[in-house]
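Record features (TrEMBL):
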type     : residues : note
DOMAIN   : 80-153   : domain 'Cyanate lyase C-terminal'
ACT_SITE : ARG93    : active site
ACT_SITE : GLU96    : active site
ACT_SITE : SER119   : active site
REGION   : 153-186  : region 'Disordered'
COMPBIAS : 153-162  : compositional bias 'Polar residues'
Amino acid sequence: MEESGASARAAVPRLMAAKAESGKSFSDIAAETGLTNVYVAQLMRRQAQLKPETAPALRAAVPGLTDELVEQMMRPPFRSYHPDIVHEPAIYRLNEAVMHFGESIKEIINEDFGDGIMSAIDFYCSVDKVQAADGKARVVVTFDGKYLPYTEQEPTGVSSSVKKLRGDATPQKSEHMSARAASNTS
């Protein structure tokens, strides 16, 4: 059962208190659980679902998690965000970077993979701190998403509810589709 947004928001302060009580960073917890640091943060903010096989490692890393909190974390979350979050400077700059470089990133995806997108579901994200050659700290954000190609939408192989309601056993081709098929064979 999916929880409500209010329920998720109510759990976040308790989850963050358990994290604070552990004295560990998201990266520390990630290292102990085998998850990415961003996914740990998503779990603690109720933006991701804790899988049963990961629960024991998370409980070991964050001993303050109660049975109730772990049970709640294993329910599908209500994924959302407050609209004012885009005004927070770190989030604003991250959004700005994606928007500024987005068109170029899209073009490179198209060149290297074809017409498609990066999944945000089959997706890994992490944040790392590295030291540059000049000695200054740098932020490295990694988006690692499965490539999803766009598909040409033809009625063959489609099991739509409309077709089932009509009782069609085979897809109906429109005049356009029939003309197109004929032109592809000549």
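Counting starts with 1 at the first residue shown.
Each Cβ is built from the backbone N, Cα and C atoms, and glycine gets one as well.
Model, not experiment: these values are computed from the prediction.
You'll find the Cα of SER119 (active site) roughly 20 Å from the Cα of GLU96 (active site).
Note: GLU96 (active site) has no non-local neighbours, i.e. no same-chain residues 6+ apart with C-beta under 8 A of its own C-beta.
All chains included, 11 other C-beta atoms sit within 10 angstroms of the C-beta of ARG93 (active site).
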